[in-house]
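Q: The feature DNA-binding region is assigned by Swiss-Prot to 17-56. Annotated NAD(+) binding site per Swiss-Prot: 91, 92, 93, 94, 95, 96, in sequence order, evidence recorded as sequence analysis.
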């Protein structure tokens, strides 16, 4: 049997959106949904949904649509959500602490399994029943807990050093809030969340509209 084509990263990023919408549909008591109805909920075309799902096999029936519960189970299986994933959080400042306390993780198969910081004032504090450990303990705990996912919320100047330590300990996927690009070996995946960069991409549209309004003003 021929191996399925590797799906583009953008497709993988959309799958959690499909899963979230399907969960809402289940809560609403909806049993079947068309690709058009599902697409309307997340601003994706029906054709795009069908194409995305085609990377992983055949789903639904033409003219009938998708069984909501079954499709959700299939997508969760694709995303590896049929098991629990332990996660390490490094950097327990205001942001890191908020991440550690986020209840949504527990509802979606993500378990915070380790909290780490280098600041002596943070080490030993307890967050939701879990003690913040020294970053020096990260290697041991990550290996003992079998942690493969990590979230880092540290300053840019220390982000690469932290990343190197995590990768050496066995972490293979990192969500970074540090405003810098990280260097990682093949087989390690990094996602970035940089609020400033995101806001700057939005100010482009605001500035464009303001400049357009000035240009079209009768006084200009």
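Cβ atoms are placed via backbone N, Cα and C, with glycine included.
From a predicted model like this one, the values you see are computed outputs, not experimental measurements.
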Q: DSSP helix, strand and coil counts for the DNA-binding region (17-56)?
A: 28 helix, 2 strand, 10 coil
Q: Go through 92, 95, the listed binding-site residues, and name the one with the sparsest Cβ surroundings, counting other Cβ atoms within 10 Å.
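A: Each of the binding-site residues 92, 95 was scored; lowest Cβ tally within 10 Å is 95.
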Q: Identify which of the binding-site residues 91, 93, 96 has its Cβ surrounded by the largest number of other Cβ atoms within 10 Å, counting every protein chain shown.
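A: Highest number of other Cβ atoms within 10 Å: 91.
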Q: Specify the count of other C-beta atoms within 10 Å of the C-beta of residue 94 (NAD(+) binding site).
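A: A 10 Å sphere around the Cβ of residue 94 (NAD(+) binding site) contains 8 other Cβ atoms.
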Q: Give me the sequence-ordered set of same-chain residues, not including 91, 92, 93, 94, 95, 96, with a C-beta within 8 angstroms of the centroid of the NAD(+) site's C-beta atoms.
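A: In sequence order, the nearby non-listed residues are 97, 98, 99, 117, 153, 154.
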